[in-house]
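Engineer: Got a structure for you, written out below as structure tokens; questions coming shortly.
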């Protein structure tokens, strides 16, 4: 298959029927071809009703908040934890860095299991494990204990980083992915921004230990909701994304040949055998509530083990995957910068804010995250369709990158507003607006990077997403160590002016991908179709 389809560029799909001459067999909706092609099975997640699809998306959001919020509750109350336990703030921050590291590398374990045995069980295990680990956090007495539960939380919560990026394409078509991916990225960052806000005020009312207990309760409630309402979205379909037109033509030709053969045989025989219609069985309630479901066509155990190391190979064989990880990672770096400086700046003179008020500053980032989600989601989807229509109905993944032109500028503005404003003790509203603008850029950049990776290499995106997350979290881990000495030695003003121009320059590298992205995809076509065929044949 790799040689047969080497001329087909991965990610280039005929998405819009602009001439009314869609290939025979193509499934359409409002003039848009449905990519990937849904099967005839009513239990195919692509065929679910709109309400059922939105419930699946809602459960992804519940999971993201159910694990993401408890994991980050400590951001605005580090000083109180230090005062009560004697664990230094530097040690607490270091533990958070280890959690981020395991959030990336843990995907190497959980993602292959989810791709082989089902998403639902991995989501449930991840959420349930968060409960006792958050309770343990409240009993921390030493740095070693803090490191231990942070590492374990990072490992068990790792699916939050890569599995939703698989679940969403399970259910939604190519022209819908951007908006739905934006909802997930908003949930991911939104939970991280909401946690310090809740944690700060909860700490003032009940103390830091009960703040950790609250995290455990929150995860437990999320687990119960997911247990009863989260459906399995894993579905093994025939065919590869990007080859729909070719497969439709083959199917029509095969059907025509079969029809001719049937006519000839009927003239010489009174009995004509017909192929039995496919029978689709609706799962029972017990099957729906099962943590894992045995499905026909699932990958072999050997293939599952192979996918545990393939993300490293994809990083050097597919430059686009590495670039997507870099863009997502650089945006995570600015998120880490925000978390690493918000409390030191606002808790000191002239602001002298309490932990509750420090948490309140995250209202700005929450608003910014919502705007970024809409910009990189719904707006980007509509813009991509507009560009596809202008391109004779053909969608290129690079069409999705143009929103980064605005986010590049916004990121620089937000960083400079925050750093220079803090240096000159500007009104807190200036800082809040700066953080909101920065977060809009961060969320939009992360969402575009994830969607671009999936659009380019959809049929191996379960593994390439892990590659992206590995790069992202390694960069986040590094900046967690570097931000404090960076702004301490350079000063807030110089540090954040430099960061602003770094953000601008790094994000503008998307212009190179707009120029050469298709050439890179074309050069990797033979490798991609080989891996995609192996993944498909392993089912």
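Backbone N, Cα and C atoms are what each Cβ position is placed from, and that goes for glycine too.
Predicted automatically and left uncurated, TrEMBL annotations should be read as such.
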Engineer: Would you mind telling me which of 178-198, 241-261, 262-282 TrEMBL tags as transmembrane segment?
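Structural biologist: Within the set 178-198, 241-261, 262-282, TrEMBL attaches transmembrane segment to 178-198.
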Engineer: When you get a sec, could you say which of 78-96, 97-115, 287-305 is annotated transmembrane segment by TrEMBL?
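Structural biologist: That would be 97-115, the stretch labelled transmembrane segment in TrEMBL.
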Engineer: State the residues, same chain only, that lie 6 or more residues beyond the ends of the transmembrane segment (426-452) and have a CB under 8 A from a CB inside it; answer 'none' if no residue qualifies.
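Structural biologist: Same-chain contacts beyond the ends: 165, 177-178, 181-182, 184-186, 188-189, 193, 320, 324-325, 327-328, 330-332, 334-335, 338, 342, 345-346, 351, 361-369, 371-373, 375-377, 380, 397-398, 400-401, 403-404, 406-408, 410-411, 413-418, 420, 465, 468, 503, 507, 513.
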Engineer: Is the count of Cβ pairs under 8 Å between the transmembrane segment (464-484) and the transmembrane segment (357-380), pairs 6 or more apart in sequence, 3 or more?
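Structural biologist: The transmembrane segment (357-380) and the transmembrane segment (464-484): touching, no.
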Engineer: Assess whether the transmembrane segment (97-115) lies in contact with the transmembrane segment (313-337), where contact requires at least three Cβ pairs under 8 Å among residues 6 or more apart in sequence.
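Structural biologist: Checked: the transmembrane segment (97-115) vs the transmembrane segment (313-337), no contact.
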Engineer: How about long-range neighbours of the transmembrane segment (210-230): same chain, 6 or more residues beyond its ends, C-beta under 8 Å?
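Structural biologist: For the transmembrane segment (210-230), the far contacts come to 55-56, 58-59, 62-63, 65-67, 69-71, 73-74, 77, 120, 123-124, 127-128, 130-132, 134-135, 137-138, 198-199, 202-203, 289.
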